[in-house]
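Participant: One structure, pasted below without further comment.
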Amino acid sequence: MKRIAESTVRRLSVYMRYLEELTARGIATTSSDELAEHSGTTPAQVRKDLSFFGSFGKRGLGYSVHELLDRIRRILGLGREWKVVIIGAGKIGSALSTYRGFTTRGFCVVGVYDKDPQKIGRRWDGHLVRDVTVFESDAAELRPDIAVLAIPAENVQSEVDRIVRAGIKAILNFAPGRLQVPAGVTLKTVNMAMELEGLSFALTNRDA
Ligand SMILES: NC(=O)c1ccc[n+]([C@@H]2O[C@H](COP(=O)([O-])OP(=O)(O)OC[C@H]3O[C@@H](n4cnc5c(N)ncnc54)[C@H](O)[C@@H]3O)[C@@H](O)[C@H]2O)c1
């Protein structure tokens with residue numbers, strides 16, 4: 001498959017949510033105009049995004065909501081359950097571990113880890129916080145797919161290295177800083193300040 005831009009993948013998630021909404025409303029067909037309007041993009045962009053993955057829809061008839069939703073879910077790899085571990089049971093880590101919305105989308109939290117003796121042994125919504133020193137042996141058994149890293153900026157690289165050593169190929173990181181991962185491992189960093197900067201830009205330029 002061609003290399004797909006992250007922005008395209010992000011839009012697929014947006015289209016998917018709108019298609020889920022249409023399904024819930026019992027609507028069977030949609031169009032690139034409608035998808036674009038509800039996703040903040042253009043009909044040409046919708047067609048271009050979908051064209052990366054083959055042909056969808058019929059000229060003049062639009063897209064079957066059911067078929068398109070099914071295809072997008074498969075493209076995003078959502079037809080299965082992904083095992084997620086969370087490292088850092090602080091404010092962000094504990095909020096994520098108790099968030100029900102992940103499970104409904106197939107992301108199942110199988111372990112929560114921390115290094116603080118005050119947190120180890122606590123339960124967050126049924127998830128026992130375990131000592132991070134047992135992470136690698138747990139991972140050998142549980143075989144998690146995704147690690148969420150919610151620890152302070154210091155020593156993040158050594159935790160990333162620990163995750164990589166455990167054979168995990170996808171990391172969602174919340175800590176600031178530049179991190180290195182080997183080829184074949186995907187690292188995504190969430191940065192709320194950057195999202196706020198996007199809003200700041202929109203507010204500053206809205207009348208331009
Ligand atoms: N990406 C964003 O938009 C965003 C927003 C807010 C905070 N953050 C960052 O997210 C991270 C977590 O924030 P928080 O508010 O949850 O912090 P927090 O201090 O509440 O929690 C951090 C937890 O990590 C644990 N920890 C530290 N080192 C560890 C290690 N090596 N192994 C396992 N556990 C370890 C600590 O004991 C603590 O429980 C920070 O780096 C913060 O700067 C990011």
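Note that Cβ sites are derived from N, Cα and C of the backbone, with glycine treated the same way.
Any TrEMBL annotation is an automated prediction that lacks curation.
Sharing the features that TrEMBL gives for it:
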DNA_BIND  14-53  DNA-binding region
DOMAIN    77-178  domain 'CoA-binding'
BINDING   G88, A89, G90, K91, I92, G93  NAD(+) binding site
Participant: Taking every residue in the DNA-binding region (14-53), what is their average pLDDT?
Facilitator: 95
Participant: For the recorded NAD(+) site formed by G88, A89, G90, K91, I92, G93, which further same-chain residues have Cβ atoms within 8 Å of the site's Cβ center?
Facilitator: I86, S94, A95, L96, D114, A150, I151
Participant: Here the binding-site residues are G88, G90, G93; which one has the lowest number of other Cβ atoms no more than 10 Å from its Cβ?
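Facilitator: G90, out of the binding-site residues G88, G90, G93, has the fewest neighbouring Cβ atoms within 10 Å.
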Participant: Within the chain of I92 (NAD(+) binding site), which residues six or more apart in sequence place their C-beta under 8 angstroms from its C-beta?
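Facilitator: Long-range Cβ contacts: A150, F174.
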Participant: Taking DSSP as the reference, which of helix, strand or coil describes G90 (NAD(+) binding site)?
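Facilitator: It is coil.
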Participant: Quick one: of A89, K91, which of the binding-site residues has the smallest count of other CB atoms within 10 A?
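Facilitator: The binding-site residues A89, K91 were compared, and K91 has the fewest Cβ atoms within 10 Å.
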